[in-house]
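K.L.:
Quick one: the structure is below, questions incoming.
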Amino acid sequence: MAKEDYYETLGVPRNASDSDIKKAFRRLAMKYHPDRNKDNPEAEERFKSVKEAYDVLSDPKKRSAYDQFGHAGIDPSMGGGGGFGFTGDSFSDIFGDVFGDIFGGGGRRRGRGQRGSDLRYNLELTLEEAVAGTEAKIKVPTWVTCTECGGSGAKKGSAPVTCPTCHGQGAVRMQQGFFSVQQTCPTCRGTGQHISDPCRVCYGQGRVQETKTLSVKIPPGVDTGDRIRLSGEGEAGEGGGPPGDLYVHIGVKQHPIFTRDGADLYCEVPIGFPTACLGGELEVPTLDGKVVLKIPAETQTGRLFRVRGKGVKPVRGGVAGDLLCRVRVETPVHLNKEQIDLIRQLDESLRGGGSHHSPQAHGWLDGVKQFFDRLGL
């Protein structure tokens, strides 16, 4: 199962306080603890995910790195991300070592071959790229399988052996007064295996940090919020485990002319005062050329004209949307004396027609007059 966002795993917002994060972890840890769900392997995996999320979000430095870079910003060798299971440290901090004895799970073996973390990459596209589709080159800082040891973590010619301290159990029991407490094995860190001669390149982790360059095919019609999954392109697993996935999250830049609403595109078209009065033709842009828009006489500001099929074809199939052009009548500026005189003559002529020439303006003025009459003004 693909790893969730750590905040989603704990069910808290990104601005959650340390106290809220701790409370969420306590609640979920009690709910999914393996010893309370012995016949439910999914609960154990869920518990590991909850613990891993808490390990990162409860540490200010790790949380800051995660907020900036996602899973790629967390160093798995420090306990956050990378599918390392759980170590039990923060668990003891919250519930106390007695909790491990009560449930018998305070140092459960993690095993080698842990799946790598999923990664998130935010890709910003132009509207043209999003509508037509494109191929993007991205650089992703991540963990890759160590080529020197092939992911085993052991030096060439050697292999991991059963841990001599815990005998492969991943945990040891310690006596604390009247209580017998189970803790993570300090030798193998819960894996149950010990590397006596670690790889000189990855120092026993089975993977190394590297920046990968990937080519991502973006299908036509994507929009902000869409997500593309690249299977196996996440972080390499620990100890030869399978890699995680890479999720490319799409964001579309603001366009200087068009705005998008689903499959439809919108634009604002300024028209001159004479064109609004008398009508005319106007060239308007589309994403694949231009079309001629016929403006009828007596067009008012805000009128919407629809150009069918000039919108966006949805990424999941279907017919293309439309281009909707909203006209805005532009008031003439920087008039000379002759033009001002002509406008005044036109105004006098129009006033003679009363509400016939300006029905909206006269209707509004009549409404205002009635409003004032009701107020006695």
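Note: Cβ is positioned from N, Cα and C throughout, glycine not excepted.
Since we're looking at a predicted model, the values are computed, not measured.
As annotated in Swiss-Prot:
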DOMAIN    5-70  domain 'J'
ZN_FING   133-211  zinc finger
BINDING   CYS146, CYS149, CYS199, CYS202  Zn(2+) 1 binding site
REPEAT    146-153  repeat 'CXXCXGXG motif'
BINDING   CYS163, CYS166, CYS185, CYS188  Zn(2+) 2 binding site
REPEAT    163-170  repeat 'CXXCXGXG motif'
REPEAT    185-192  repeat 'CXXCXGXG motif'
REPEAT    199-206  repeat 'CXXCXGXG motif'
REGION    219-242  region 'Disordered'
K.L.:
Sorry to bug you, but what's the C-alpha spacing from CYS163 (Zn(2+) 2 binding site) to CYS149 (Zn(2+) 1 binding site), rounded to the closest Å?
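P.N.:
Between the Cα atoms of CYS149 (Zn(2+) 1 binding site) and CYS163 (Zn(2+) 2 binding site), the distance comes to 19 Å.
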K.L.:
In the same chain, who gets a Cβ under 8 Å from the region 'Disordered' (219-242) while lying at least 6 residues past its ends?
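P.N.:
Hits for the region 'Disordered' (219-242): 2, 71-72, 76, 81-84, 112-119, 125, 130-133, 140, 142-145, 150-153, 160, 191, 193, 205-207, 212, 248-252, 260, 262, 312-316.
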K.L.:
Cβ within 8 Å of the Zn(2+) 2 site's Cβ centroid: which residues qualify beyond CYS163, CYS166, CYS185, CYS188?
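P.N.:
The answer, listed by sequence position, is PRO164, THR165, HIS167, GLY168, GLN169, GLY170, ALA171, VAL172, PRO186, THR187, ARG189, GLY190, THR191, GLY192, GLN193, HIS194.
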K.L.:
Name the range, of those listed as 146-153, 163-170, 185-192, that has the largest tally of Cβ pairs under 8 Å with the repeat 'CXXCXGXG motif' (199-206).
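P.N.:
Top-ranked stretch among 146-153, 163-170, 185-192: 146-153.
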K.L.:
What is the separation, in Å, between the Cα atoms of CYS185 (Zn(2+) 2 binding site) and CYS202 (Zn(2+) 1 binding site)?
P.N.:
22
K.L.:
For CYS149 (Zn(2+) 1 binding site), list the number of other Cβ atoms lying within 10 Å of its Cβ atom.
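P.N.:
So the Cβ neighbour count for CYS149 (Zn(2+) 1 binding site) comes to 26.
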K.L.:
Provide the number of Cβ atoms within 10 Å of the Cβ of CYS202 (Zn(2+) 1 binding site), excluding the reference atom itself.
P.N.:
25
